[in-house]
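Asks: Have a look at the structure that comes next, please.
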Amino acid sequence: MGGQIGLEEDLAEAARIKEEEEEEKDGKRKTRNRSEEIDAKEKLKRHYRLKDKLAPLFDDPGQSIDNCYIRLALLTQQRFQQQKNENDNEEEEEAKYKESETWTNTLDYSLIYGNKMETLEVQDIWKDKENGLVVRHISICGEAGSGKSVLSQRIAYLWANDQMWNDQFQYLLHIPLRKIANIFDRHYGNDDEKMNDGNEDIEYLWSMIMNELHIPRWNANDTNCVIHSINGLLLLLDGFDEIANEIEKSSCLKQWLQHCTSNENYCVIITSRPNAMCQYLYHPRMLNVIGFKTQDIRNYIRAYFRNMDIDDKDNSQSDSLIKKLNNNPSLKLLSHTPLYLRLFCYLARQDKSSSSNNDQWDDMTLAKLKYAKWRND
């Protein structure tokens, strides 16, 4: 009898020890996983913090995103259409639009010519109080040069510096879609073995995408942490119009995009021109980026010249450009477009370096400007 009791006690003790060992292993595994999650997040933050310069234009030096970023006007689709309908009935605004209609791919400047328009701050785009909906997908549309890519870069930069949405999203991935448009073709083009081996799974697709983003010291564990996150992953997909024609040609690209939009642990912001909309978004909030409001044009011009290390303490060069734009209604309207305004600043800087004092740009200069805009579309 005593032997039976002793055996039961031994078994109970062995079970207890095994349970403690499993708990210890589980604790170590959770600690290791938590450490890997923190490590992946810090790698992303370091990467996006270094993206602190706007893309160069011609021979301009890099512009600090802190000093030279000026807020863009964002409208909900409903407000955008309402404002457009109202302005269509105003003869004065219609005349202003006609003055610039020879410039292709421009915005409907009548929408932003005034300062009374109700716009949305970027940090508030997830709050859809009007419809009382939980927003998981956001579509941001805008014409060429309206600032969609810079807005995407700015969002990633603010998140990396703990200035926006950090309590909402554990991870943020900024993916310029043009970078991944053809990577699956390069991997699968003549490689039937991989296709036959069944490696066309979502994790393999993700690994190719992460390799293309060139995040320093990134590894497979980091990718695994991010794509399996249950604490909030924001996918910032910039430039859907640049891959729209490739989706039906590439089953891998289509599969990956459908996965991103169907995963309930992911939130998605996707930018595009109005002529190419992603059909995989689920009840997306529709926003329109429409460039600079009038009062912000002056702010951008002054920030630009301050960043150029030019002796413009008295704002003489800035004021000269502002005067030049105000004297030409067509140019003034075009200056609401961020890319055009930056081109105007560039031309003004060239005028200064060549000791030109022209109050007006000649037709040849404007033709070059239009060509430069076309090259950047």
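Cβ coordinates come from backbone N, Cα and C, glycine included.
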Asks: Can you identify, from 1-38, 305-342, the stretch that TrEMBL calls region 'Disordered'?
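Replies: TrEMBL lists region 'Disordered' for residues 1-38.
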Asks: Run through the domain 'NACHT' (136-276) and tell me, per DSSP, how many residues are helix, strand and coil.
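Replies: Counting residues per DSSP class in the domain 'NACHT' (136-276), I get 62 helix, 24 strand, 55 coil.
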